Amino acid sequence: MVLAFQLVSFTYIWIILKPNVCAASNIKMTHQRCSSSMKQTCKQETRMKKDDSTKARPQKYEQLLHIEDNDFAMRPGFGGSPVPVGIDVHVESIDSISETNMDFTMTFYLRHYWKDERLSFPSTANKSMTFDHRLTRKIWVPDIFFVHSKRSFIHDTTMENIMLRVHPDGNVLLSLRITVSAMCFMDFSRFPLDTQNCSLELESYAYNEDDLMLYWKHGNKSLNTEEHMSLSQFFIEDFSASSGLAFYSSTGWYNRLFINFVLRRHVFFFVLQTYFPAILMVMLSWVSFWIDRRAVPARVSLGITTVLTMSTIITAVSASMPQVSYLKAVDVYLWVSSLFVFLSVIEYAAVNYLTTVEERKQFKKTGKISRMYNIDAVQAMAFDGCYHDSEIDMDQTSLSLNSEDFMRRKSICSPSTDSSRIKRRKSLGGHVGRIILENNHVIDTYSRILFPIVYILFNLFYWGVYV
């Protein structure tokens with residue numbers, strides 16, 4: 001009886017405790033699975049819960065920074081001394097220089113430093129807090145703008161490139177990545193052997209020197225550049241930072257910061273594209289001095305071709321430059337070169353004209369003699385290339401001799417033998433030809449020497465002055 005009672009009691013206790021044992025067994029199995037298959041995931045979740053400062057922090061950043069308790073439309077220390085705002089710049093690249101528009105495009109990091117005690121917060125570790133662009137719309141930030149800028153924007157890939165860092169004592173750092181296109185007043189009087197001085201100017205738009213003091217944070221070291229920054233047509237000689245004051249009659253004096261840089265143009269590109277073709281055209285025009293004076297089409301065509309080529313070079317250079325009201329160095333060189341090419345054409349015109357005049361004189365002197373020796377003057381001049389049959393009025397009556405003059409001249413000029421007649425004919429023709437050749441070639445001969453010498457002297461003077 002007692003044994004039966006104990007058996008019933010043990011069975012009853014077992015039925016009651018069995019769910020708890022199973023539950024404990026399930027918990028143990030679950031823990032083992034977590035330890036084996038999801039061990040890494042569990043650790044990550046535990047770490048995230050431990051490091052989640054947003055949940056650990058008892059208040060929002062608006063409350064921590066007293067955003068709701070202060071009027072951030074007013075500058076820090078309003079009514080007192082001007083707020084100091086330090087600036088430093090890291091130039092990432094100079095993207096382009098446009099001579100036509102007289103501007104440049106620059107990408108850089110702009111950093112502002114100031115102190116706003118309204119943003120101070122307690123911190124045991126003395127660590128700063130970093131925010132993105134959203135907080136900049138709720139607090140006071142310096143209103144820096146770029147003087148003489150045409151276009152500017154803050155990069156927004158993948159979000160707006162704005163970083164705001166607030167320290168416990170109220171010191172604030174604002175960093176932006178900006179691209180600006182600004183004016184650069186260029187002087188092209190020495191182009192393309194020029195050096196340009198450009199500057200980007202920073203200034204507060206609303207706050208004059210009584211409210212905001214703008215200065216370079218680290219002096220001359222506040223401006224930094226990339227080590228291997230370069231341009232296709234310019235060599236960057238110098239980067240420097242400076243400061244000054246700007247006066248506006250209606251609002252007063254403002255602090256202004258300057259980012260100055262000096263650009264020296266690479267001249268080798270223009271030597272290949274402009275100077276060398278111009279020199280070749282001038283030298284090609286000199287070939288005309290060695291071509292026979294009778295080759296009218298060859299010399300005229302060569303002269304016209306060189307003149308048109310020089311005009312094309314001048315037009316191409318002018319199209320890529322702003323329309324300034326003064327001569328540039330390249331204009332001086334191209335126009336003087338064009339003058340040499342043009343003078344070579346004028347030289348042949350003078351040679352051809354003097355040859356024509358001389359041959360007319362010789363024709364008048366030898367017309368009657370040529371008739372006695374049965375030389376057709378019209379054919380002789382046509383062969384020379386200076387006259388045509390239609391240009392000569394051959395009046396037979398004027399060329400005919402009366403019988404008395406003919407007999408008298410015949411008695412004087414008729415040779416005694418055939419050999420003496422041939423000798424006299426050669427002597428007469430050689431004398432006339434020598435006169436024509438001498439009068440014609442004297443200009444070409446001097447031009448072959450004079451043109452190159454003068455052009456070389458011009459080049460020595462030009463490069464000596466501009467280089």
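Cβ from N, Cα, C; glycine included.
Annotated signal peptide per Swiss-Prot: 1-24, in sequence order, evidence recorded as sequence analysis.
The annotation 4-aminobutanoate binding site is assigned in Swiss-Prot to R111, S175, E203 on the grounds of similarity to another entry. Neighbour list (S175 (4-aminobutanoate binding site), Cβ cut-off 8 Å, at least 6 residues apart, same chain): Y109, L110, R111, H112, I162, M163, L164, R165.
C198 (disulfide bond) has a Cβ environment of 20 other Cβ atoms inside 10 Å. When secondary structure is read from DSSP and collapsed to three states, C198 (disulfide bond) falls in the strand class. The disulfide bond annotation in Swiss-Prot covers C184-C198.
As annotated by Swiss-Prot, N-linked glycosylation site applies to N220. Within the same chain, residues at least 6 positions away in sequence whose Cβ sits under 8 Å from that of N220 (N-linked glycosylation site) are S240, A241. N220 (N-linked glycosylation site) carries a helical DSSP state (H, G or I).
The annotation transmembrane segment is assigned in Swiss-Prot to 267-287 (among others) on the grounds of sequence analysis. Here the transmembrane segment (267-287) has long-range neighbours at 192-193, 233, 302-303, 306, 309-310, 313, 317, 330, 333-334, 337, 340-341, 344-345, 447-448, 451-452, 455, meaning same-chain residues at least 6 beyond its ends whose C-beta is under 8 angstroms from one of its own.
Residues or ranges marked as topological domain 'Cytoplasmic' in Swiss-Prot: 288-299 (among others). For the topological domain 'Cytoplasmic' (288-299), the mean pLDDT of the prediction comes to 88.
Long-range contacts of the transmembrane segment (300-320) within the same chain, counting only residues at least 6 positions beyond its ends with a Cβ under 8 Å from a Cβ of the stretch, are 99-100, 274, 277-278, 281-282, 284-285, 287-288, 291, 330-331, 334-335, 337-338, 341-342, 344-345, 348. Swiss-Prot lists 300-320 (among others) with the feature transmembrane segment, giving sequence analysis as the kind of evidence.
The annotation transmembrane segment is assigned in Swiss-Prot to 332-352 (among others).
Marked as region 'Interaction with SQSTM1' by Swiss-Prot: 347-448.
What Swiss-Prot records for 353-446 (among others) is topological domain 'Cytoplasmic', and it gives a curator's inference as the kind of evidence.
Long-range contacts of the transmembrane segment (447-467) within the same chain: residues 190, 193, 282, 286, 289-290, 329, 332-333, 336, 340, 343-344, 347, each at least 6 residues beyond the stretch ends and with a Cβ under 8 Å from a Cβ of the stretch. The transmembrane segment annotation in Swiss-Prot covers 447-467 (among others).
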Cα-to-Cα gap, C184 (disulfide bond) vs E203 (4-aminobutanoate binding site), nearest whole Å: 17
Residues that sit under 8 angstroms from E203 (4-aminobutanoate binding site) by C-beta distance, when 6+ apart in the chain: I144, F145, V147, L214, A246, Y254, N255, R256, L257
